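Colleague: According to TrEMBL, the record shows the following:
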BINDING   N78, T80, R84, E115, D139, N195, L196, R213, N214  S-adenosyl-L-methionine binding site
DOMAIN    3-267  domain 'CheR-type methyltransferase'
Amino acid sequence: MSDPLRDFDYTPADFNVVRELIRQAAGIKLADSKDSLVYSRLAPRLRSFGFKSVKEYLAFLMENEEETQHFINSLTTNLTSFYREPHHFEILTEFVKSGEKVQRVWCSASSTGEEPYSIAMTLVKAFESFDACKIIASDIDSNVLAKAQNGIYALQQVDVLADKKRFFRKGTGPNTGFAKVIPELKKMIEFKRINLMDEMLPINDLQDVVFCRNVMIYFDRETQLEILRKLVEKLRPGGLYVAGHSEHFSGMSEYLQPIGKTVYMKK
């Protein structure tokens, strides 16, 4: 039975359809507790089309392929900040300074860009150069990728960074309250839309470091291992795989050796 306090009809059957569609499209497994979250995320799409029920929207979605990306964008979660889980960036610095070859880094869930720009800033400081390394920053969500590519952030996000004056320029006039990543930093990064569920991942060269943090928690165990296998295939032997704080991969011990807190080296 639909909730009379909601603007749109929304039933448990609708939620189950959404769960199956997002699982097929993005591999994301939604828990039973996410039904209200799904409603709040999809409501703006229903409003924009004038639908009266989630069922109507789902029928439209299944007939209109171009809506699929908006559906995915609505349901993916993007929680990020600069230098989140700072020990990972310390390990990356140590890896570079140990003499390891680090020319290619893939940030496979870049969200709005704080993570790949943090990687870039770390590498610039370690190499003392903007030209030593190339970074691929990918995400399934085209909206957050566009924000990442713009490289514009609220000043309060940037003000906490010790090296903000080196890597950001404060906005003036209509851009007051914002800061923009400098062009030299942005040039280090190639932004690409990649769905980690795709059978073939469009990464041509073996990477020296792969970041995939706080993504696997949205997948079931079988999907986690399948995605991890594909990511590890793109990593050179001796390269680093950086996972999220709650992600552990004991099932991949034949491929990965733990070397730090949620950091692994490919055997």
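Cβ coordinates are placed from backbone N, Cα and C, and glycine is handled just like the others.
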Colleague: Over all shown protein chains, what is the count of other CB atoms within 10 A of the CB belonging to L196 (S-adenosyl-L-methionine binding site)?
Modeller: 22
Colleague: Just to be sure I understand the packing, how many Cβ atoms besides its own are within 10 Å of the Cβ of D139 (S-adenosyl-L-methionine binding site)?
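Modeller: By my count, 29.
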